[in-house]
Amino acid sequence: MALSRGLPRELAEAVSGGRVLVVGAGGIGCELLKNLVLTGFSHIDLIDLDTIDVSNLNRQFLFQKKHVGRSKAQVAKESVLQFHPQANIEAHHDSIMNPDYNVEFFRQFILVMNALDNRAARNHVNRMCLAADVPLIESGTAGYLGQVTTIKKGVTECYECHPKPTQRTFPGCTIRNTPSEPIHCIVWAKYLFNQLFGEEDADQEVSPDRADPEAAWEPTEAEARARASNEDGDIKRISTKEWAKSTGYDPVKLFTKLFKDDIRYLLTMDKLWRKRKPPVPLDWAEVQSQGEANADQQNEPQLGLKDQQVLDVKSYASLFSKSIETLRVHLAEKGDGAELIWDKDDPPAMDFVTSAANLRMHIFSMNMKSRFDIKSMAGNIIPAIATTNAVIAGLIVLEGLKILSGKIDQCRTIFLNKQPNPRKKLLVPCALDPPNTNCYVCASKPEVTVRLNVHKVTVLTLQDKIVKEKFAMVAPDVQIEDGKGTILISSEEGETEANNPKKLSDFGIRNGSRLQADDFLQDYTLLINILHSEDLGKDVEFEVVGDSPEKVGPKQAEDAAKSIANGSDDGAQPSTSTAQEQDDVLIVDSDEEGPSNSTDCSGDDKARKRKLEENEAASTKKCRLEQMEDPDDVIALD
């Protein structure tokens with residue numbers, strides 16, 4: 001029975017008669033949809049691009065095994081109608097970033113609720129709600145942590161009012177030449193999967209990087225080693241996949257190439273090993289014989305679940321061989337020109353990455369990892385907890401009822417913590433912050449300054465990495481404010497493609513130039529001021545003035561290393577947006593984007609609302625709230 005009967009009359013009418021939008025039908029989305037219909041919401045639109053996977057079933061309770069492979073949105077609708085058969089639910093198996101879902105679409109709703117798992121889609125929905133002037137409730141969970149906040153144009157800060165932590169990245173030379181952490185080997189193994197079975201990407205090369213600036217070697221010795229490495233085929237002359245095909249995907253030849261010959265070649269780069277422990281090549285025959293010598297030890301029973309056991313080198317070599325054979329068969333079944341896509345839930349693909357990563361860890365003297373640990377790191381999986389999703393979904397509805405009651409001033413940003421804070425609160429409410437006057441999204445006249453080298457940055461970089469990736473536009477049009485309205489980038493396919501390889505300076509862009517970027521879909525215009533600089537750091541293509549540089553600094557890298565599983569957003573193949581392009585970096589993905597880890601809140605440190613850290617020590621700072629009685633939706637633990 002719907003709870004709306006117990007609500008005040010005006011609120012009950014808004015609940016039963018108003019139309020709301022739920023974006024995402026995953027962990028939070030399933031709980032939220034159930035809560036909405038039980039509260040009495042009768043007109044709900046639900047959108048999600050994902051299909052149901054077996055791994056979803058432990059927490060996304062609207063789905064059953066028989067639903068695997070079907071649309072999440074459609075099945076969620078069918079399941080939740082059993083709670084409220086009279087509800088009018090419209091399911092959309094689509095991306096929220098589809099141009100069909102324009103500003104007019106968003107204006108149909110009295111409230112939008114996000115249950116997303118990636119930053120790109122969050123940014124987009126944030127802008128659409130600002131353009132349509134519709135309240136948005138944003139949410140996220142990560143393990144035991146959760147967060148809910150309200151966004152209203154002109155009243156509160158928007159999702160993009162403050163820079164998000166820069167995603168952790170790894171230089172290509174570290175991945176290929178000098179891995180020092182298990183995650184480096186896991187990234188290398190994922191790259192190797194794509195090089196052998198998937199879509200090849202030059203930025204995901206796995207062979208030794210001869211251009212590494214740290215490397216130095218004797219040319220004659222290197223040439224001799226290179227000859228030995230190339231006896232089975234030079235992967236620099238032909239693609240890795242073509243070379244592997246020419247060997248018939250022979251596991252022993254692949255093993256020898258990757259774990260012996262390439263490692264021997266790395267050893268010729270003597271400068272790399274002056275302050276590092278050098279890697280130790282693996283020989284297939286020796287690995288097999290060592291395994292026989294240790295047979296008695298191998299037969300000893302291991303404690304724990306199979307996926308949580310760390311095997312020996314011989315076992316991983318065998319797993320490597322078996323997984324290659326299985327993947328070779330799968331690739332052949334798909335036909336010529338086919339590609340496989342790495343999926344953490346595909347056993348052969350996971351076997352391949354587990355074995356390859358562990359063999360490389362052993363070579364570089366690291367402790368090997370269990371399949372469970374590697375799966376968590378490879379997919380950046382924070383174990384999802386159903387009760388966390390349930391708590392956050394409940395809070396979303398409570399905040400929604402405040403909005404529909406016309407009491408948005410009573411809305412709060414609410415943090416769910418793993419442990420109670422010093423005031424014994426597990427749920428901590430913080431006052432909503434006003435809009436950031438310098439925000440390049442919700443300010444009255446959005447404007448930003450970008451520092452770059454106009455003689456090096458191309459139009460394609462401006463389009464893909466700055467306008468689309470950094471400023472989250474979907475279909476941008478960019479013109480130069482030069483009095484002539486020169487079109488630099490057009491959203492019409494092919495119209496300005498010839499401009500892509502040209503440098504910005506080729507169009508007269510210099511220090512002080514101004515670009516106007518428009519996204520018709522998002523009803524969003526951004527003025528970009530160009531600040532020319534030739535003093536940018538190594539590998540830094542651009543910086544947003546007042547923002548963090550587009551590179552992981554030492555402190556950021558240190559923080560990320562502490563919480564590699566928690567720093568993700570838009571790099572996955574999200575449920576509501578397209579997959580992002582990958583450079584020579586680790587792109588990590590998570591089930592639900594992580595919320596802030598905040599046991600208290602401070603107005604001076606707004607970044608706490610976005611950043612998730614592992615250290616959950618309670619802060620002594622007071623919440624920026626007036627002294628008041630505990631709200632009803634705050635749990636006090638005595």
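Every residue number used here counts from 1 along the chain in the order it is shown.
Every residue, even glycine, has its Cβ placed from backbone N, Cα and C.
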From 138-169, 202-233, 394-425, the residue range that Swiss-Prot assigns the feature region 'Disordered': 202-233
Neighbour tally for Gly27 (ATP binding site), based on other Cβ positions within 10 Å of its Cβ: 26
Residue among the binding-site residues Ala121, Cys158, Cys161, Cys439 whose Cβ has the most other Cβ atoms within 10 Å: Ala121
Site of maximum Cβ density within 10 Å, from recorded sites Lys164, Lys257, Lys275, Lys418: Lys257
Cβ packing number for Ser207 (phosphoserine), 10 Å threshold: 20
Between Cys439 (Zn(2+) binding site) and Gly27 (ATP binding site), the C-alpha gap once rounded to whole angstrom: 31
Long-range Cβ environment of Cys442 (Zn(2+) binding site), under 8 Å and at least 6 residues apart: Leu130, Lys153, Glu157, Cys158, Glu160, Cys161, Pro435, Asn436
Per-residue Cβ crowding (10 Å cut-off), top of recorded positions Asn58, Ser95, Ser505: Ser95
For Ser505 (phosphoserine), the one of Gly24, Gly27, Cys173, Lys271 that lies nearest, given that the recorded positions are compared by Cα: Cys173
